[in-house]
Ligand code: NA
Ligand code: NA
C-alpha cells in the first residue's frame, strides 16, 4: 500500500512543482495547494498505513493506527489553510495593483 | 521544570492578542507595546542569567507535564537563550524606532500585533526542543513576516511579497517532508531523542539525504546560496524597521535551526554534510557581496549585506569545531546588532533625503556628523575592522578555520571582507563625503536626533561587544561546547 | 459475505468516481463539472459507508454527514458563482 | 411562539440523533443548544412550520417513496437504454400553493421524482419551471404533479 | 437473512450511484445530467445509508442517528442543489439540448423582458 | 593586571580624541591644535624616561588580559625597537601638530575632525609598536589604516581625496587581512599570539609545513603598509591629505609600521632564504622603482611620496640583507645592514619630515606645488630654502648631513652583500650594489629637482595664485627643529648609537646570532677609501651630470609609458572599476526577477544535492511486499487522484481548475478514511470546501487563466525539474519506509495510545494529542490562522502609496 | 426568475442542522472525531451557506459580530488554560480533567482541554468568517 501512495505522492509533488514553475499567479497558488496535499499524504504514509483501528479508544480494538502523524497533519492542514487564504488575497491584490497575472511582467527591474 | 521558558513567546503572543482590541487606539497600543518590549528584554536578561548560572547551563520545561520525548519540551540552553535575549533586544530597539517611523494607518491595521506575533514565532523557534513544534513556530514567524512584508500594500511590496510567500511555502512543504522521513525512520520528534536515535542508526545514507533536505529548508529560510534569491527585493518593500527586524531575526531563525540540527542530529558525517555547508557558506558570502556591489541603493546594499554575512554566520558550522561554532554564534549576535543599526541609519537617510540612491546624495557628514559616524562605526563593524564586534567574529572564525585546515574558506572570507569594505565605503563616501547636493532635508534636526536615539544603543553595543569581547566569548564558547557535546543535551532532556 | 458485498460496492463506486472524473474533465459546460463534483460527494458518502463496514467501526459517520453537508454547500457556492461571478452578494436589494 | 418551540424540539431530536444516545440528558443538552441557536437567530425566523397533520404527512411520504422508486427506475431505464430516446424539456407548472414552505416542499418532491427537476420559480412563486427528462405532454406532467404532491401537501399543511 | 437484506440495500444504493454516474456520462445536456444525477444520487445515498444503518444495528447493536440524519440532510438538500445548478446554468446561458421539445422558461423570460414590470 | 602608564599612553590619545570636538566647539577662539599639542608632548617626555632602562638592554613588559579566551592580551613589550618607534611617533607628532596649527586655518577647517583622526592615529600607532601580542598589534594596525584613510579624505568634497582615501584603505586593509591570516597561522602553529612566545618557538615555526605561506601572508601586510612595490600605489594618492599628515603618517611613522613588523618578526622568519629574497628583493626593486619614478613627478608632494617609497624599499632591503647575513653567520654584514637600516629610518624621518613641511609651506604660500609653476622662490623665502636644501642634500646623501652617513652605510652593506657565499649570492650578489648605485643616482637627481626647481630658476608670478612670502615662524619651527636634527645627527651620529640604535638592533637580534651578546654600534663618517666612498662620489658626479641634462633624457619616461601614471595603477583602477560591472553582471544573470527561476534554482540545488548524497552514501531501498494485497478499488481511486492532479496544469479555465483541485482534495479525504484517520478526513473536507469558497470569492478579483506562451525549452525544463522532484520525494519515502521496517524504532505514538484515556481523559487520541500532549502546536497553529485573517484584513483595507512612511511624524 | 424560495427555506433548516452538528463536533471531539477546529469550520460553513444563500447585509443584521475580537478572545482563552496551570505550579498547558456527577446531566467529564478547544473554536470561527466577509466586502 505504501508504495502505491508513495507513487501518488510523487505525482502530486510533480504536478505541484510544475504548477509552481509556471508564470501564472493562479496556477502557482494551485500548486501550493497540491503541494500541501502531497506533504500531508506523505506524513500519513510515513507513519505507516492501515495497521489497526482508527485511534479512537472507545472502539476497544486490539491495535490502533499511529495517531501522531494524523495530529501533525491536522496542524499542517490548518496552517496551510491560513497560508493559502493569505496567498490568495495577496495574489489578487497583486493582480489588481499591477493589472497582470503574468510573472514575466512582474519581474521588476534589476536596478530598482 | 521551569515555566520561565514560556514567557519569551507567551508574553508577546498575549500582548499581540490583546492589542487586537485596541487596534484603533494607537497611543494606548504604543504604551502597551513599549512596556512589553522593555519587560521582555529585562526578562530575557534574567532568563539568560538563570540559564548561565544553572548547574547544567540549560533549563527545560516539559510542556503540559508530558515527559520528553512524548510531549513538547522547551529547552533553554546557552545558544537558544542567547538568541532569545538578542531577539528581545532587537525587538525592543525596533519597537522604539517603529514608534517614530510607522504610519498611523499601519498601527490601525494591527502592526504591533504582527510585530509581537513575529517575536512569538522567533522566540518559540529558538526555545523549542521539538522538531515539529519548530515547524509550527517557523510558520508563526513566516506568516507574521508575510503580513509584515506586504503590510501597506504598495505596488512593489505586493509583487515581491508574492514571490517571498511562495518561496517560503515551498520550503515549508519540504520541512514537513523532511520531518516525515525522519519520523518514519526514528519514530520520534523530540530533537534530543532524534539525536539519540539517529546516532544509533548504522545506515547513514538516508539520514544524510534527510540532512540535505533540512539544509535546503533552513538554508532557504536562512538565505543561503542558491536559495536566497527571493530575499533582496522582498526585503526592500516594507519600511526600514520591518526590514531591520527581518534582517536581524528572520534569517537567524534559519541559521539557528541549521546550527541546532546539524550539531544535535546530523552530526554523524560532518566530513560530508558540513563540507557542503562550508561550500555554501563561501558561495553565499561571495554572491551576497557581489550583489551589494552591484547596487547604488543604500537599502539594497545593506540587504545584500544580510546575505553576505549569512555566509560568515554558517562558516563556523561548516568548519565544525567548538571554536568555529563559537565564532558563528558570536557573529550571529554581532550581526543582529549591526544589521539593525545599518537599516535604521539607512531608513533615516532615506527619510531625510527622500531618496535611496547614494549617487544622488553627498556631504551629509557636515550637517549630520552623528549619523555619519554611527554609520561608519556600524559599517566598519560589519566589515570586521577591529576593535568592533565584527572583528572578533571574523577573527575567531578565521583562526578556527585555519586551525581545522580550511584554508580556502579563509581566503574567501578575507577577500569577501575586503569587498564588504569596498561596498560600505562606497556608501560612506557617496552619502556622507563628497560635495553637498541640493537635496532638501525632509527631517528636522530634532527628528533625526530622535531617530538616532535608537541607533546609538546599537552602536554602543557593537563597541562594547568588541572591547568587552572576553565575557561574550566565554559565553559563546560555553554555548559552542554545549553544542559540540550533544550527549549532554540528550542526557538532560531524556534522563 | 458483507465484506464481499462491500468490496463489490466499493469497486462499483470507484468506477462511478472515475466516470465523475471523466465528466469533470470533459465538461463541456461548467455545470457538467459541478454536477460531477456533486455526484462525487454523494458517491463518497457511499464509499465511506462501505469502509465503515470493512473497518467494522462507526467512527467515520461524522465524515458521512459532513460529506453530505459540504457537497450541498459546495454545489450552492459553485452554482452561485457561475450564475453571476459573485459567491456572496453584498446586498441583494 | 409554538413554531419556535417546535423547532427547538426538533433541534433537540437532531441532537439526540447526533449523539446516538437517546436519553433525557442528551435531549436536554440538545434543547439548551436549540434554545441558544434560536436566540441567536431570533430575528431570522419567519417561515411557517406546522407539523400537526402527521397522518397526512406520513401519507405524503409514502406517496413520495412510491413515486421516487418509480422515478428512479425510469431514469435507470432511460440511462441504460442503448439508444437515447428521451425528449427533455422545460415545463411551466402553475401552483396554488402559497407559503414558502409549501412551495419548497413541493419543489423538493417534484425534484426527487420522475425525471423532473424544479429549476426556477417565477418571481411571484406561482409558477415552477420543471425540467423533465422525458415529456409526453405538458399536461400530463402537470397533472401527475397536481394529483400526487400538491394535493398531499395541501392536506398536510392546511 | 438480515445480511442479505443489508446487502441488497447496499447494492441498490451502489448501483444507483453508478447509474447517476453513467447518467452524467450518457445524457445529452447539463440539465438532463443534473436532473438524473440529483435523484440517482439521492436514491443511492438512501440505499447505502439504510444498509449501513441496518448493518450496525444488526451486527454491532448500535443505532446510529447520524446515519439517519445524513439521509434526512441529503434528502432535503439534494433538490435544492439540483435546483441551484439548473437555474444557474440557465441564467449562465448554458444551452438546453437542441432536441428538447419545449422551453417554457425561455418563453416566459422573453415576455418578461418585453413587458417590463413598471 | 592593572593598566600601566604605558597602556594609558596608548589609550590616552583615543580618549583625548573624544574630547577634541568639545574643545573645538566650546573654545573656538583658540586653535584646537594648542590643546592637542599637550598630549604627545607629555607622552614623548614620558617615553624619554625609558631610554636609560632600554639602553641597558632591558625590556619593559606590562600584562593586561583583554580577550584571553582568544589568546588576545593587551600586553606591552617595550624594547629598543619599540622605544625607537614610539619616540618617533610622539616626537614627530609634537612637531607636526605644532606645524598644523599654522597650516590649518581655525576658522575654515573642521579641526575637530582633523585632530580626532590624528589622535586616533597616534594612539593606534603607539599601540602597534608597543604591543607584545600580535592580535593587539593587528587591532591597532587596522586602526592606523582607518585613521590614515580618514585623514586622506579629510577634504572629502574633493574627488581626489576620496579616491586616495579609498585606495589607501583598500590596499592597506587587504594587506591587513592577509596579515590576519598569517597571524592566525602562526597561532595555529605556536598556540600563542604573544610575540616573545612565538619567537621562543621559532624552531616549531620553521619546521611547520605552513612556514612559507605564513611568512608570505605576514609580509603582504608589511609590504602594503610600507608601500613596497607593487603595493606602493596608494602612497602618492595619499598626498591628498593635508601636508602635516603626509609628513607625519606617510613618511615618518605609519608607512614605517611595515618596517617595524619585518624587524619585529625577523627572529621568527629570518631563518629562511625565502625571507631574505622576498624582503630584500621587494625592497631593492621598490628602491629602484621609487627613485626612478620620483624624477618624473612635477608635484612636490608626489616627488616626496615616490622618494618615500624608494627610501622605504631601501630600509626594507637592508633588513632582509641583515637577517640573511646573520643567519649565515656573517656578523659584520648583519651589523652593517641592520644598523644602517635603523639609522636611516631615523634619518629619513628627520629629513623627509622637514621636506614635507617645506612642501606644505610652499603650497601654503604660493597656492601650488607644481614645480612647473614654481621657481625662484629663494628670494622670497630664504629660511624655507635653507631648510629644504639641508633636507634635500641629506636625502641625496651629501656630506655632512645624516643622510650621507646612513646612505654610505647602506652602500657599504650592499657591497658586503656580495661577500655572502650562500643563497646564490655568489652569482646574484652583484645586483645589490648595482641597484643601490642606480637608485642613489636617481635619488640625487630628484633631491636636486626638489630644491632647485622650486627655489632657483625663473620666478613665474603669472602662474601663482598669490604672492609668496616667508612662512609664519610657527610653521618654520618644526622643520627647523628637524633639519637641526639632520645636522646634529650628521655631525654627532653617536649620540644615538648607544641610546637608541643599539637597543633597537638588539631587538631585531635574530636567533642565528646566539653567540653574540652585545652589539657595539659606532658610526663614523670616515671609513677610508672604501668601495662605498667611490660609489658616493660617482653617484654625485653622475647625478649632477644627469640633473643638468634632465630635459635630454626625460623622454625615456614617455617611451616607457610612465609619463601619465604609475603602471601599477592600471591594475588597481582596472580592478576597482571592474568590480561593480562584474558584480552587476554576476548579480543580474541569476537575478531575473522571475519567481520560476528562483524556484528552479532551489529545486535544482535540492535535486543535485540529494542525488549527490545518495550516490555518495547509497541508501536507496524499497520494500515491495504487500503490493499484491492492494484492493482494486484503491488502485482506481489512486489513479483517479493522479489523473485529476495531472490534468490541472492543462486546464484553461480557472473554475475547472478549482473543481479539479477540489476533486483531488475530496479523494484525499477518502484516502484518509481508508487509512483510518477520521479527524483528518473531516478536516480535509471542511478545509477543502472553505478553500474552494475562498477561491471563488477571489476569482471575482482575478483574471481567467491564460495560455502560457513559453519556449519549449522553458516548458521542458520545468517538466524535468517537476519529475525530478516527484521522483526524489517518492524515492526518499520508499527508502525511509524500508529503513523503518528494517530498523524499527518504537514510535513515541504508543505512549499516546496507552495514556490518552487514563491520563488525559479522552478517547480520541488525535484530539488528545492536539489539545493536550501537543497542545502547544495547536495553540500556535491557531495563532497562524489568526495572523492570516488579520493579515488579510490589512492587505485588503490598508492601501498606502509609499509617501506615508516618509515624514509622517 | 431568480426567485430563491426553496433555497432560502431549505437553507434555514439546513443551517440549524449544521450548527447543531458543529456544536456537537466541538463538544464530542475529545472522545469522537471532531474538536474545536472541525467544529469551528462546520460552524463557519453554516454561516457561509447563509451568506451565499442570502447576502452579506441580511446576515450581518442577524449576526452582529466583530470577528477580529473573536480572534483575540479565542487566543486569550486558549492561552488562559495554559497559564492557569502555571498559576497552580504545573508546567504550562497542563490539562486536567475530572468526572462530575451533575443533576439531570448525569456523569459528565469536565476537562480543561475542552476550554482550550473552545478557544480554538472561537479563533477559527472568527478567522474563517473574517476572511470570507472581508474578501466579499472588497469591491474596489
Ligand atoms: Na553620490
Ligand atoms: Na556624493
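Positions of Cβ are set from backbone N, Cα and C atoms, glycine also.
Under 8 Å from some Cβ of the transmembrane segment (B:6-24) lie the Cβ atoms of residues 32-33, 36, 39-40, 43-44, 47, 61, 63, 74, 84, 87-88, 91, 107-110, 112-117, 119-121, 123-124, 126-127, 137, all in the same chain and six or more residues away from its ends. If you look up TrEMBL, you'll see B:6-24 (among others) marked as transmembrane segment.
Under the heading transmembrane segment, TrEMBL lists B:31-52 (among others). Sequence-remote contacts of a segment are chain residues at least 6 beyond its ends whose Cβ falls under 8 Å from one of its Cβ atoms, and for the transmembrane segment (B:31-52) they are 2, 4-5, 7-8, 11-12, 15, 18-19, 22, 58-59, 76-78, 81-82, 84-85, 87-89, 91-92, 95-96, 99, 112, 115-116, 119, 475, 478.
Taken from TrEMBL, the feature transmembrane segment applies to B:72-97 (among others).
Per TrEMBL, the feature transmembrane segment maps to B:109-126 (among others).
What TrEMBL lists as domain 'NADH:quinone oxidoreductase/Mrp antiporter transmembrane' is B:129-418.
For B:132-149 (among others), the entry in TrEMBL reads transmembrane segment.
According to TrEMBL, the transmembrane segment annotation covers B:161-185 (among others).
Feature annotation from TrEMBL assigns transmembrane segment to B:240-259 (among others).
What TrEMBL records for B:271-294 (among others) is transmembrane segment. Beyond its flanks by at least six residues, the transmembrane segment (B:271-294) meets 208, 211-212, 215, 219, 223-226, 228, 232, 258, 262, 300-302, 304-312, 314-315, 317-320, 406, 408-409, 412-413, 416, 419-420, 422-423, 426 of its own chain at Cβ-Cβ distances under 8 Å.
Taken from TrEMBL, the feature transmembrane segment applies to B:306-332 (among others).
What TrEMBL lists as transmembrane segment is B:338-358 (among others).
Residues 278, 281-282, 285-286, 288-290, 292-293, 298, 301, 304-305, 308, 311-312, 315, 318-319, 358, 372, 375-376, 379-380, 382-385, 394, 397-398, 401-402 of the same chain, all 6+ positions outside the transmembrane segment (B:408-429), place their C-beta atoms under 8 angstroms from a C-beta of that stretch. Here TrEMBL flags B:408-429 (among others) as transmembrane segment.
Summarising the annotation, TrEMBL assigns transmembrane segment to B:450-469 (among others).
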- Note on the structure: Near the transmembrane segment (B:338-358) in space but 6 or more residues beyond its ends, with Cβ under 8 Å, are 90, 93-94, 97, 101, 239-241, 243-245, 247-248, 296-302, 305-306, 309, 364, 368, 371, 374-375, 378-379, 381-382, 389-390, 426-427, 430-431, 439-443, 448, 451-452, 454-455, 458-459, 462
- Message: Give the nonlocal contacts of the transmembrane segment (B:132-149) in its own chain as ranges (CB under 8 Å, at least six residues past its ends).
- Response: 9, 72, 111, 114-115, 117-118, 120-122, 124-125, 157, 160-161, 164-165, 168, 172, 175-176, 179, 189, 191, 221, 234-235, 237-238, 242, 245-246, 250, 253, 257
- Message: Please identify the stretch among B:72-97, B:306-332, B:450-469 with the greatest number of Cβ pairs below 8 Å relative to the transmembrane segment (B:109-126).
- Response: B:72-97
- Message: Should anything in the same chain at least six residues away from the transmembrane segment (B:72-97) have a Cβ under 8 Å from its Cβ atoms, list it; otherwise answer none.
- Response: 2, 4-6, 8, 12, 33-34, 37-38, 40-41, 43-45, 47-48, 51-52, 57-64, 66, 115, 119, 122-123, 126-130, 133, 190-192, 240-241, 244-245, 248-249, 252, 256, 259-260, 329, 332-333, 336-337, 340, 344, 347, 451, 453-454, 457-458, 461, 475-476, 478-479, 482-483, 489, 493
